Ligand SMILES: [Zn+2]
Ligand SMILES: [Zn+2]
């Protein structure tokens, strides 16, 4: 049989997953000679042997590749034979000019490593930093590509002879595992008091931490992507103390449980949910809680039917959870609205008032990455916060070939960078209000393009001039476009699902700046191949109070009623929002609503939720934006009977269709007079919005409907909307790999930027 030598180039997600060892073993099995190496563009192989064997080798490269790896391209080239006799792994070239490989996310401990951890006599028995080619830290420890130990935060740990032998043994699971470590050469634990004094080390540190958790203390733990705060999830007093100290009064707290068996003692788990929980990304999954259980009642709002649960993500978490035998609260190590802590000394300062003890280690975290949050909608995993386990994997968007940058929004920010058909999304970077989050945002903006080796040619940001991200955009010397907030929401879904116009984009959210300078949020946008327009929207209303109104649903409710019925509303003393305000506050609001210059105008469905929550007297003050809307969802979900929609008629105006909530409000107030159960009223409100979505879709004459924007984080609304629209024959899409909230803006902005550049190139091409 004739001998051949082939040069094989593999591109995609091929580094850090044991790809080279896999290639090595495969070449051995096939009896081929040659070599494999990692370079920044991907994996390069030269293999020599009989031509038919080479062909089956190349086939197996694709069909047998390691779990999680993604091959986007295999190219081959015939070379002259060199007569080599064995196969080897060559070191990475250090002078690569182009960085094109993907960076892997951090992956939860694999089953084999968990087994090592609990196997008496194993040399990694109870070692909290064990990992292998298939699991462990990646993105949080990578300094630069190509992915090799000297370019990670493991560089200062010299391998011991045993680890070195495993690292060099192609038959070993840890062959070329860059973060390989063991008790004699790797990172170690220590337990600090709030003064930073070492109380215990190694196993003793772990055991003292467990004692503290059993006693109801708050432990700050240096995890994979940053500090977490841990506390016994059954201890209401400890949970309350954590809430107060962290200034997180109402938002639900995530839990970590030992294994699927423990989760099932507290929650219902579907097959899709179980797969998410136990997968290598190991996100927080929102699950329906069981009624009878011994968890602290203050983990979530009273009405919340769900719990956010994750399984252990690192060996350290496995040890803690198994030793303790009870679930832990595992929430981000930060004060409310601030970035995650990653460094011990910083944690001592920032978490001093929260944590009783600090369980730390000496492996640096180079990049903060929060836990991801996912729920299952219509059988599909749907992101609520995309971070650990997912970031910075790209989404395939073949249309976008140029290197571009998008700066995202202001809340729940993410960044996006594109290159050759792929869009890389940063991890969730959070709200950009505090100076510390702004600093961190600037840092990511500066370092992420370098890490990915992308030099953007142009950038996109939101049209809102007050967003911190928009302000940063002005400081970057690149051609820039501003993308309308709700257009970006719709385009994010188009990018994710590869959709083309024509389609109808329902963008329902809190507030975003519209092209008419009012605050949109209840829009139906028509996207045609020739451009887009605002096709329909919620009848705009004024509200007063600015930022304060976002925490006071009564302000929104009275603004809405005042816009409809004028001064007469002040006489209607039966209205819950009037009763909720002190006389002085009511007087100020009355004056403000009578002065258009003190008001803002909005068409936001998110704000309509606020108004309803206030009118039902469900909630009159919020600790975070959207809290009232969330409670309204929970209240509606508690209604098990049928719920007739109230009318929200569409009325034609010269600019488009206007959805008028007045008949809904009249009907609601009548139902309140009848003292109908409030869960029924909340359910009727949801049914009304779902009916409105259907009417808007049928009115549009379009077949494809996109649902996007923060309102579609509402599980009840989204699930019912998908159902009713699909039954009526529409093709329905919603954000799944990116969140429906502002975390998806950057993805939409980058597609809008690409589209704009294409149009401009087209126009200038004609004028030549
Ligand atoms: Zn492993
Ligand atoms: Zn070692």
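Just so it is clear, glycine is given a Cβ too, placed from its N, Cα and C backbone atoms.
Bear in mind that TrEMBL entries carry predicted annotations, made automatically and left uncurated.
Here TrEMBL flags 5-91 as domain 'Acylphosphatase-like'.
Marked as active site by TrEMBL: 20 (among others). Counting only same-chain residues at least 6 apart in sequence, those with a Cβ under 8 Å from the Cβ of residue 20 (active site) are 36, 37, 38, 43, 89, 176.
Annotation comment: TrEMBL describes 38 (among others) as active site. In this structure, residue 38 (active site) is part of a beta strand by DSSP.
Mean per-residue pLDDT, taken over the domain 'YrdC-like' (203-389), amounts to 95. Residues or ranges marked as domain 'YrdC-like' in TrEMBL: 203-389.
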Within the domain 'Acylphosphatase-like' (5-91), residues counted as helix, strand or coil by DSSP: 25 helix, 38 strand, 24 coil
Local Cβ density at residue 38 (active site) - other Cβ atoms counted within 10 Å: 25
